[in-house]
Amino acid sequence: MRSMDRFGIWVLAILLVIQSSFGFYLPGSYPHKYEVGDYLNVKVNSLTSIETEMPFSYYSLPFCKPSEGIKDSAENLGELLMGDRIENSPYRFRMFKNESEIFLCQTDKLSADSLKLLKKRIDEMYQVNPMLDNLPAIRYTKRDGYVLRWTGYPVGIKVQDVYYVFNHLKFKVLVHKYEEAANVARVMGTGDAAEVIPTIGKKDSDVPGYMVVGFEVVPCSFAHNGESTKKLKMYERYTTPIKCDSTRVSMSVKEGQSIVFSYEVSFEESDIKWPSRWDAYLKMEGSKVHWFSILNSLMVITFLAGIVLVIFLRTVRRDLTRYEELDKEAQAQMNEELSGWKLVVGDVFRAPSNASLLCVMVGDGVQILGMAVVTILFAALGFMSPASRGTLITGMLFFYMILGIAAGYVSVRLWRTIGCGEHRGWMSVAWKAACFFPGIAFLILTTLNFLLWGSHSTGAIPFSLFVILLLLWFCISVPLTLIGGYFGAKAPHIEFPVRTNQIPREIPAQKYPSWLLVLGAGTLPFGTLFIELFFIMSSIWMGRVYYVFGFLFVVLILLVVVCAEVSLVLTYMHLCVEDYKWWWKSFFASGSVAIYIFIYSINYLVFDLKSLSGPVSATLYLGYSLFMVLAIMLATGTVGFLSSFWFVHYLFSSVKLD
């Protein structure tokens, strides 16, 4: 009865986590009330493209600049690492004031270099990403009877070898009447940099106000009369009507020609409430396919893992039960006729080769796995919303640094266990644990950063941020890892249940290479996550929104279970054929899933990112994929090793073999 109650509790918990993946989030900022006539300032993020994966500053192209100068918005660590550069723009509106034919500016005449760069950005399908009140602009297009939803709009378009630029923007701002229950101060400005303005002489309830709940844009290419705009100043009305037709283009770009930019804006009252304003971004097309595919994958993998677990437990338990039922004389006689895993009793806990490296990798794997579990759990509960840009990356860095204490503890305690309680060398192991994975990651990211620096991309990590990351590494992560190592050195080591012989036992020749089975074992864990992996890759490289962290958390838990089971089965199989070198094999039995993920990444590059242009972009993609695969290998390998270590210790402590 108790087991049924526990099962029901676990099922309820899983269902609650899955339910949280239906776009639930904590908004990340307070609703901002704008009175009629208040100014709304549009901001712009970096130019992005799925063809190059290299973001560039909005003002790297000949666009209009604000009269007060270009100002960067305050950005967190995660935004900078993601390549976001949010800046002010000259586009401004007045709340609930529809305006049309607004002249923005006339650029200088295009030089040969400016024209070449503009054409290159159009060829590479770069998108402009305006933002209002922290909401990215959405663009709707119709194709084959379907309505497609995009964020941002293209810089321009190429038609029959002629380049056209989108120089007139038609904005629509959806607003919802301010609700008194929100009880927020009147603010003026955008969502991520709002200035609080006290309301003097009147209460909020006396002042009608609105909240921004939607932001749409329609880009148009309109050929302005350059001569008639020379005397116009910014925000003055254009002399003739402008018809914005997104199906036609007329503003071609040529050397020695200037570009005139203009815009119009309309406001529309909407039933969308402020907490639901991100639903349009979170509910992307293909969601039904996503849900059913994930559910089907979970059912199949759970069923298969259950069968493997049942067969495995029955086999081992039957072996142990038969031994325990014998009397002492029969046990002594049976000990003389040992077979299978019982023959390696004197070698099963023999120290593996490169023991310190194994300890370091297991410690780093615990740190990475802990970071992933905590971060995804917080995201599934809604604490890391898309409204708060960069919080996911910032949270990952924070949890990774804090969990350095776990890496040091596990590495050193495992080192002392393998060394039968030896204290010498624990400081070296702790240092290696603090520097192994971060050092490799730093090497990969530095190499990729040089490529981004050479391309003048905003995705390049600034030197000041490099210094901050180094300080976080050596001033927080390393000391915490050493502290964890100290506690690991003070903690009692795990006693082995059997003694190790002085002379190693010879391993019988195998019919097939044992490492071949180890590498093949990664297919089962890969089957648990390859569907989810597609959506994650699409989010990273195709600019799609990913916010089903509830399902991702369930998949992560399932992955941990399957990795443990696969490693247990392979360890038992190796022991049965008298192969006692299980340490590294148990690690790579589950860690080999990283190989299949890297192969999948290459497949995704070839078939899904066909438009990715240039060796620099491909190198960036493969470099980031290698970084991701290394982290996955350490995390999954750690799960397999720790489960196998527990199993072997339990197996040989359950029966006395001398």
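Positions of Cβ are set from backbone N, Cα and C atoms, glycine also.
Going by Swiss-Prot, the topological domain containing I242 carries a different name from the one containing E578, and the two residues are therefore on opposite sides of the membrane. Predicted-model confidence for the topological domain 'Cytoplasmic' (313-364) is 72, expressed as mean pLDDT. Contact check: the transmembrane segment (516-536) against the transmembrane segment (548-568) gives at least three Cβ pairs closer than 8 Å, residues 6 or more apart, which meets the contact criterion. Counted over residue pairs 6 or more apart, the CB atoms of the transmembrane segment (548-568) and the transmembrane segment (463-483) come under 8 Å in fewer than three pairs, which marks the two as apart.
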